[in-house]
Amino acid sequence: MSKKTKTLNYRLKDKELRKASSDVFPFSVAKTTGEITLKAPINNETEQFEFKVEAYLSGNKKTSQKTTVIISVDRSPIQFSFGSGLFQGHIEENSYGDVNVTLDLVGVDQDGGFIRYEIEETLPDVYPSRFGIDPSGRLYVRYPLDREDIELYYVSISASQDGNVAEAMVMIHVMDQNDNPPYFLYDQLRMSVFENVNLTLGGNTYVTAYDDDTGENAEVRYELVTGGLGMIYVDPKKGQLYNSVDLDYEKVRRFKLNIAAYSGELRTTCRVFLFIRDMNDNPPIVNDFEVIYNGRPNTLGGAEVATIPARDPDETGILRFGLLSDDGDPTRGSLDRDYIQVDSTNGMITISPRIQNVRDIDVDIDVGVYVFDGVHATSARCLIHMTGITDLMVENSVSAHILNITEEEFLTSGGMKSLRNATRDILGASSVTIFNIEEFVELDNPFINISFSAKKPNGIFFTPVEILNALYFQKDMIETICGFHISPAEEDTCVSEFCNKHQRCVTRKSLTSTPVSYEAHLDDIMLRFYGIPPLVEHWCECLDTARDGNCSKNNPCDARPCLNKGMCYEEEEGFGYGCLCPNDFTGVNCESATITRRCFPGACGPDEECENLPTGSFHCVCKRRSGCPNDNTWYFPKGAYLAFPSLRRKATMKVSLQFSTYRNSGLLLYLGRYSFMYDFLALEIIGTEISLTFNVGRFIMRVKVGVPGGVSDGKWHMVEMKYHEKVVQVKLDECKGDLYEISDYPCEAYATQALDVTTWFLDVNTPFILGSLPVQDGDSRIINNDFEGCIKDVYINNRLHGAGDTIRTKDTNRDVLGINN
């Protein structure tokens, strides 16, 4: 059997005391510890308690010891007061309720009266009072507190009972919450750093935000929202800007950054302008350039041609300019350098003063130029084509429109070179000078007007008529070579009819005083063109200088030279007079009767003899073995034409010709203007009938004549047209009486444009065209452009025109008999 462990126990010795009620004995002894405690109130009468306590081992009560315990009762009164003179309390900001503090009182008389608590004073003194205390001594907050406003309060409190008063001070700490967003001192910040410098080394590039909270609540982190362009970033903890690549002023000069500062979920943004400052780290940029300079010979010397098109990517660079020698050395001379000078400070190229008044100057200058910024140097090639434009050159120039193209497109596409080469080829010219280009827009369609002249190999200028005829007859070829549409410009101011029929309208071209320039760019190459716009002047002069101011005297018709009731008219531009003969008469003075169709004076040309035929007609026989220049019968295959000189008479005209064709449509005759605008006259076959279409002002008129069976029968038919001051008469064959009443159209017809009183003359300038138009689809106002058949006996103003009168032919054949066979 094992031996049990014994423990020490305690108990009151007297059994009576152990069993006594609380009224008898108020103390007790803990069995295991021996602690004496008060188990009941002590009455007021007992001043001392004496009792014995026994200690013994468990299981053996015989082994014990006793001791006497004496407890004296102190009857002196306890002072009424708080447990401490200073209490510490706290409460979170923005909250209501009790302050976290325990206020304990000592010396409270349990039998006394009611305890009254009051707040005596609060520091800082805030109205209304933020604190209150209830009857139980619970200190509480009336309104939410803001730590960022006041973080510590001192509250003096008092408690009173039965005349006893206790006072204490409570320190109330307002605990922080993260209720304030971070803030920047300014809504916008401006910083600057040099290019190619790391931002962390380039100066103060910190973005700093502040937070009124404390501790962890005041920690701020940063974030770049926009504007960094993949190059600028911000340190999330420090707010330091840094760059991931080198910053180049020439690429980005300013960054507009939006940077956000966060504190918890609270956020504030700031706009940061980061300016990159320039450094002289790039060489100047200058590309090859070309200048076409046209000027009066007396204005060339000292004229400003162009500024060297250089730029420095660095704003801090100061450019200096100069000319290179042929071997690239800026210190040596060059032959072309004798023609031009360069201002070293601004790069302005001027023509040397020694060129002044040098006539017929036409030089190409090829020089090298350089640009220096103090650190770097760059060179380029400069081409200058300089031409002196003389009055004679302008007087023999023409203007043309190039459609659906701008000035820049014309210059940069090589249009000037191709037009110059094409014109030189068709004219057989030694040189072509384009001295003006101007751009216009009509109905949203751009076009340019160019002015140019051309020289023959012998050094003489082509006349404007020679150039215009070449453009007119070979327009299709020029357009094929150049690739754009070209049309002679309408620059003849006389078309507006300023002069009366007794006067001659005279025009003259001259140069304006100031050149105009236009600059175009092809890739990186600059092309500058200087042109001189021609000025067209006009005036009226009498046909006979002996006449007085109204040009009305000495009318050759006063002598009545026209016979057989012919109408006399005064020829224009001093040619004397002419006769409009009745239908049955012809000749210079209407002296020959056409009813017999017999030979008459002037019926045939030189070296020809008129022979009457048994049929009642006549024909002309050439007496020269080599052929006569006035052979007057032609065969026209499709596309063929011949041209006589343009008519100078504007008020009166008479034309007759014979034709033969099997085609139901065709163009017999055409007169108009090079521009295919304004006045024109066309004689056509339309549906086997003859149609005359003309315009002498604002209206287009058309008259028709015909014969039974039509004119497309392969037989010879004669058509006669007379024009006199806007009245047109057309007659077909031998038109007599009622013989042709069954025709759809009469054999003779008249038309007038008398309603239009603004113009009186037929203002045409193209050659007199027989057969097809040289330019297909040139005039949209007529129906036919081609003719296939034969034409003979062409009389213009009573004069027979033959092969020797033509100025141009194409594909015609005079072996009419062989072709018919």
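Even glycines carry a Cβ here, placed using N, Cα and C.
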Checking TrEMBL: of Cys581, Cys604, the cysteine bonded to Cys590 via disulfide is Cys581
Of the candidates Cys551, Cys557, Cys579, the one sharing a disulfide with Cys562 in TrEMBL
Cys579
Alpha-carbon spacing, Cys562 (disulfide bond) to Cys590 (disulfide bond), which is rounded to whole Å:
6
Does anything in the same chain, at least 6 positions from Cys590 (disulfide bond), have a Cβ under 8 Å from its Cβ, and if so what?
Cys562, Leu563, Asn564, Lys565, Gly566, Cys579, Cys581, Pro582
Of all the disulfide-bonded residues given, Cys562, Cys581, which residue's CB has the most CB neighbours within 10 A?
Cys581
Through the lens of DSSP with three states only, how would you label Cys579 (disulfide bond)?
strand
